[in-house]
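Visitor: My questions all concern the structure below.
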Amino acid sequence: MKLEDYRGLVEALLPAVLAAGRIEMRHFKSGVEVSTKADTTPVTVADHEAEEVLTTALHRAMPGVPVIAEEAVAAGLIPATEDAFFLVDPLDGTRAFIKGSPEFTVNIGLVVAQRPVFGIIYAPALNELYATVGTRESVEAEITPDDTAETLTSAKLTRLATREPDREALVAFASRSHASQSTDEFLERLPIAEKRKASSSLKFCLIARGEADLYARLGQTSEWDTAAGHAILAAAGGCVTTLDGQPLLYGKRDGGFANPHFIAWGREPLLST
């Protein structure tokens, strides 16, 4: 399979993505023990179990392409990165997951030449799948975790498209679990008519769906938090930039794969630098 065969890649990875969703739903319904990583962020057994399923599927589908996975990195297992590599966040929105909120996701992103070009995001508690199926095409579908016979071909797909912003009355997303004064101060520079909150990478997907105009994150994130959503949003007509208007780039191994502050835009950036 070629790296640019995004539709084929979704088909190849969908069984593992749904399997990861089933793992997470099992723990979501029964409760799960929470541990704290060295960086003070929470982690659960669901994170580890889902990551193993996803990384195994990626190595099988694309042997030779490095996989940078959140929990493996936390354990010091970091393969050498090349021009192309996968970024995996097996359970984005762990805090939401622990609190019983359905806004948690499975995330796989593919980076080529420092830019995310492919992404899959699955919200198993919401039965929502988002994915890139072409360079300029991303879609959503309703798929339950238990629907093991489902394929991309059989699913009812809806093409995602960002909306034209009302430049005098913007709708912005902010993190439900990571609110910050710096984010609020940044948003005050824009004519925000409504501010909504959501958890995990769903914010990228909702902008790609045309439900809002931007998502500002002035706080700590890692590349696996954003790669899949960035790719899906870009294929739907959006972009993600740093605060100075430069494209958000990936592969910052020496920096621990940490992101700078960024803004996800439904269309072009609305602030001059």
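Glycine is treated like the rest: Cβ placed from N, Cα and C.
According to TrEMBL:
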- Glu70, Leu91, Asp92, Gly93, Thr94, Asp225: substrate binding site (BINDING)
- Glu70, Asp89, Leu91, Asp92, Asp225: Mg(2+) 1 binding site (BINDING)
- Asp89, Asp92, Asp225: Mg(2+) 2 binding site (BINDING)
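Just tell me what is around each of these and how deep it sits.
Guide: Just so you know, the Cβ of Thr94 (substrate binding site) picks up 24 other Cβ atoms within 10 Å once every protein chain is counted.
Using a 10 Å Cβ-Cβ cutoff, Asp89 (Mg(2+) 1 binding site) registers 31 neighbours.
Secondary structure at Asp92 (substrate binding site), as computed by DSSP, is strand. Taking a C-beta cut-off of under 8 Å and a sequence gap of six or more, Asp92 (substrate binding site) has these contacts in its own chain: Phe104, Thr105, Val106, Asn107, Ser200, Ser201, Trp224, Asp225.
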Visitor: Using the recorded substrate site (Glu70, Leu91, Asp92, Gly93, Thr94, Asp225) as reference, state which further residues of the same chain have their Cβ within 8 Å of the centre of those residues' Cβ atoms, listed in sequence order.
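Guide: Checked against the 8 Å cutoff, the neighbours are Asp47, Asp89, Pro90, Phe104, Thr105, Asn107, Ser200, Ser201, Trp224.
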Visitor: If the Mg(2+) 2 site is taken as the center of the Cβ atoms of Asp89, Asp92, Asp225, which further residues of that chain fall within 8 Å of it by their Cβ?
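Guide: Near the Mg(2+) 2 site, beyond Asp89, Asp92, Asp225, sit Glu70, Leu91, Gly93, Thr105, Asn107, Ser200, Ser201, Ser222, Trp224, Thr226, Ala228.
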Visitor: Cβ distance under 8 Å to Leu91 (substrate binding site), same chain, sequence separation 6 or more: which residues?
Guide: Glu24, Thr44, Ala46, Asp47, Ala50, Phe97, Phe104, Thr105, Val106
Visitor: Between all pairs in Glu70, Leu91, Asp92, Gly93, Thr94, Asp225 (listed as substrate binders), what's the biggest Cα distance, rounded to the nearest Å?
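Guide: Comparing all Cα pairs, the maximum is 13 Å.
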Visitor: Around Asp225 (substrate binding site), how many other C-beta atoms are within 10 angstroms of its C-beta?
Guide: 24
